[in-house]
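What TrEMBL says about this one:
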DOMAIN    80-311  domain 'DarT'
BINDING   His84, Leu85, Thr86, Leu101, Arg123  NAD(+) binding site
ACT_SITE  Arg123  active site, proton acceptor
ACT_SITE  Glu264  active site
Amino acid sequence: MDDECIHGLEGQLCALCFPKVLTEPLTPVKKTRAPKLSSLRDPLPTAAMPVARTARPVRVAGAPRPVRAETLSTDNVDEQRVYHLTHISNLSAILQDGRLLANDALTERPAVDISAPATRDLRRVAHVSGDGRSVAEYVPFFLSPNATVWESVRAEAVDPRLALDAHGSEAFDFVMLVTTVKKINEGIAARAAAEIVSTEAQAETAQNADLAEEPVPFVPGVVAVTNGDAAGALTRFGATPATAERMLQTLRAEADGAMILEAELLVPDAVPMDLITLIGVCNDNVRETVRGILKASSYKPKVAVYPPWFHTSADPQ
């Protein structure tokens, strides 16, 4: 596109090519003194007239109380970006399958798996509150490109959740698969509609054939949002559309932004690759490698170079 910068980002989204301009501080307004009174009887020229108070309406006994209108939140969480981290060695298999699979749905382990075996076990026995499904039945996404688990990888720090010594990879060996909450929800809704049509067709076929067994009714999955590590004992879940949205709003409104670095967005079963709109990479060499891998597939997400995602927060860059 014409407005794409050298790092692959549209418009002025790149902080490197389009640094924020510091605005000049506003000039303080000088206070003016009130004019002196010629007489003590003269009223102040700026004195405010007393506001007449209206009497409160009398409530009749037994009458229903008025219902206050609920204050609607102005925070639109649909455009919240979410991030799935994977090693570049896993990308070809993901594209070949056409989707990101939950851990329990994998038939083969990925080429590079950074999660420690104990972490896999904990997520397998932990359950998402509300539906009773295992956390391992969901595809996890970060809510920030600076999530604490990813920061441990970038800083090569010791983290019991990770098995970094197993492959010795550097941060630039990874890629970020990026989408939005809106795209995820639209994908789930489309899948649910297709599954319902398929189930109805199977039921009609079974009825016409007088089969004894009817197809199992399809139960659509729902995105869940956590306020911490999904396998943590004290982690809270928003596992319905309403509670997930409220959880996102709470995380985004947090003053210090610490909780969102631990939080996760969990998508049931799988995420089709056509919902991934952006692949973030560390440098131009990795971008060319990723573009070469994408040539063999039908998926064409934007590939953008964004170094800040791949440097530790302690790095002066």
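Glycine is treated like the rest: Cβ placed from N, Cα and C.
Here the structure is a predicted model, which means the values were calculated and not measured.
Using a 10 Å Cβ-Cβ cutoff, Thr86 (NAD(+) binding site) registers 20 neighbours. The two recorded residues, Leu85 (NAD(+) binding site) and Glu264 (active site), have Cα atoms 12 Å apart. Glu264 (active site) and Leu101 (NAD(+) binding site) are 16 Å apart (CA-CA, integer value). Other Cβ atoms within 10 Å of the Cβ of Leu101 (NAD(+) binding site) number 17 in total over all chains. If you take every residue in the domain 'DarT' (80-311) and average the pLDDT, you get 90.
Considering only the residues assigned to NAD(+) binding, His84, Leu85, Thr86, Leu101, Arg123, the longest pairwise Cα distance works out to 18 Å. Rounded to a whole number, the distance between the Cα atoms of Glu264 (active site) and Thr86 (NAD(+) binding site) is 15 Å.
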